[in-house]
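*Asks:* Here it is, the structure in full.
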Amino acid sequence: MAPNLRKSHPLLKMINNSLIDLPTPSNISAWWNFGSLLGICLATQILTGLLLAMHYTADTTLAFSSVAHTCRNVQYGWLIRNLHANGASFFFICVYLHIGRGLYYGSYLYKETWNTGILLLLTLMATAFVGYVLPWGQMSFWGATVITNLFSAIPYIGQTIVEWAWGGFSVDNPTLTRFFALHFLLPFAIAGLTLIHLTFLHESGSNNPLGIVSNCDKIPFHPYFSLKDALGFMLMFLPLTTLALFSPNLLGDPENFTPANPLVTPPHIKPEWYFLFAYAILRSIPNKLGGVLALAASVLILFLSPLLHKSKQRTMTFRPLSQLLFWTLVANLFILTWVGSQPVEHPFIIIGQLASLTYFTILLILFPITSALENKMLNY
């Protein structure tokens, strides 16, 4: 009998073990679809980004015009740009849902997979930030100025780091050029990290909604989950194309239709919606260094999740108190996102401060306490 090429060829063997014959828990729900959705998001962003880069000029005098030229004169340039800009939003929606799934079902107990995932998130945030600067509109310019300027809060070396990052004494041509270079490079770093992420995942196998060992009941990835993923792709591309075709500027800032002008500050500088929760946490602390530390902590706190897991059960499936806390955290993140988009005025300041405090309290204090309480309740 001839050997099966799929199982004997060095390259096909790897693909086979990762995507075809991979033993998968039979009960994983739609919450396990987001990994593959993130993969397809990355592929789409790299493809549309490559096509956009072919028509883009990384120069302060030409950047804004080159983007306008792409939208007006390049065949389907408007569509490629709209898919790329809104694709970023869908990327972040998927990433936040993916992290939420990980927190809810205790997937963070696969420490290596979880830690590489956080590195992926940080790289993704950096990529999105430098990419937002490229169209060189007002919000691009001022967003770049405000966020890079935060590094000056680092004692002693801060100002030097900022001027080094800028390539001068303000955000200017060198900044735009290096941001373009980074925006081109980082997605490939994300792709590389994704492979590491998957390597660690396949070392342990997938978690499942019950959080129990599922070795006795696994099914091949193909055709069951390959088909399920294909359905997921369709359900994501439908709203993405709808948004890109019918309301492409819904999530953007109108300020970015004005070319960058260092002499005119926009009335309200704010990042894209997917960074607003962190921006709200940054603004909630009146001290610059304190704000920067809180901003960093808002994402880096995820590294502590495996250490703060005190429950005897892995998932929250059978833990109603932790569930209540989890959904309170989700609601709190929505409040932070909303506050981040509002001006720094009376009700919003205190709401932002309370929401920021709640965010850290739930993650650092209430989750472990509730877990311990639920452990006690198991004895009765």
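Cβ coordinates come from backbone N, Cα and C, glycine included.
Copied straight from Swiss-Prot:
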BINDING   His84, His183  heme b b562 binding site
BINDING   His98, His197  heme b b566 binding site
BINDING   His202  ubiquinone binding site
TRANSMEM  34-54  transmembrane segment
TRANSMEM  78-99  transmembrane segment
TRANSMEM  114-134  transmembrane segment
TRANSMEM  179-199  transmembrane segment
TRANSMEM  227-247  transmembrane segment
TRANSMEM  289-309  transmembrane segment
TRANSMEM  321-341  transmembrane segment
TRANSMEM  348-368  transmembrane segment
*Asks:* Examine the transmembrane segment (78-99) against the transmembrane segment (227-247) and state whether at least 3 Cβ pairs sit under 8 A, considering only residue pairs 6 or more apart.
*Replies:* yes
*Asks:* Take the transmembrane segment (227-247) and find every residue of the same chain, 6 or more past its ends, with a Cβ under 8 Å from one of its Cβ atoms.
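*Replies:* Beyond its ends, the transmembrane segment (227-247) has Cβ neighbours at 30, 33, 36-37, 40-41, 79, 82-83, 86-87, 89-90, 94.
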*Asks:* At least three Cβ pairs under 8 Å linking the transmembrane segment (179-199) and the transmembrane segment (321-341), pairs spaced 6 or more in sequence?
*Replies:* no
*Asks:* Could you tell me what the rest of the chain brings near the transmembrane segment (321-341), counting residues at least six beyond its ends with Cβ under 8 Å?
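*Replies:* Apart from its flanks, the transmembrane segment (321-341) reaches 100, 103-104, 270-271, 273, 275-281, 283, 311, 348, 351-352, 355-356, 358-359, 362-363, 366-367, 370-371, 373-374.
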*Asks:* Closest of the binding-site residues to His98 (heme b b566 binding site), Cα to Cα, picking from His84, His183, His202?
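*Replies:* Closest candidate to His98 (heme b b566 binding site), judged by Cα separation, is His202.
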*Asks:* Would you kindly give the Cα-Cα distance separating His183 (heme b b562 binding site) and His202 (ubiquinone binding site), rounded to the nearest Å?
*Replies:* 29
*Asks:* Quick check: in three-state DSSP terms, what is His84 (heme b b562 binding site)?
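*Replies:* The residue in question, His84 (heme b b562 binding site), is helix (DSSP, three-state).
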*Asks:* Just how many other Cβ atoms lie inside 10 Å of the Cβ on His84 (heme b b562 binding site)?
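*Replies:* Summing over all protein chains shown, His84 (heme b b562 binding site) has 20 other Cβ atoms within 10 Å.
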*Asks:* Whole-number Å only: compute the distance from the Cα of His197 (heme b b566 binding site) to the Cα of His183 (heme b b562 binding site).
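*Replies:* Cα-Cα, rounded: 21 Å.
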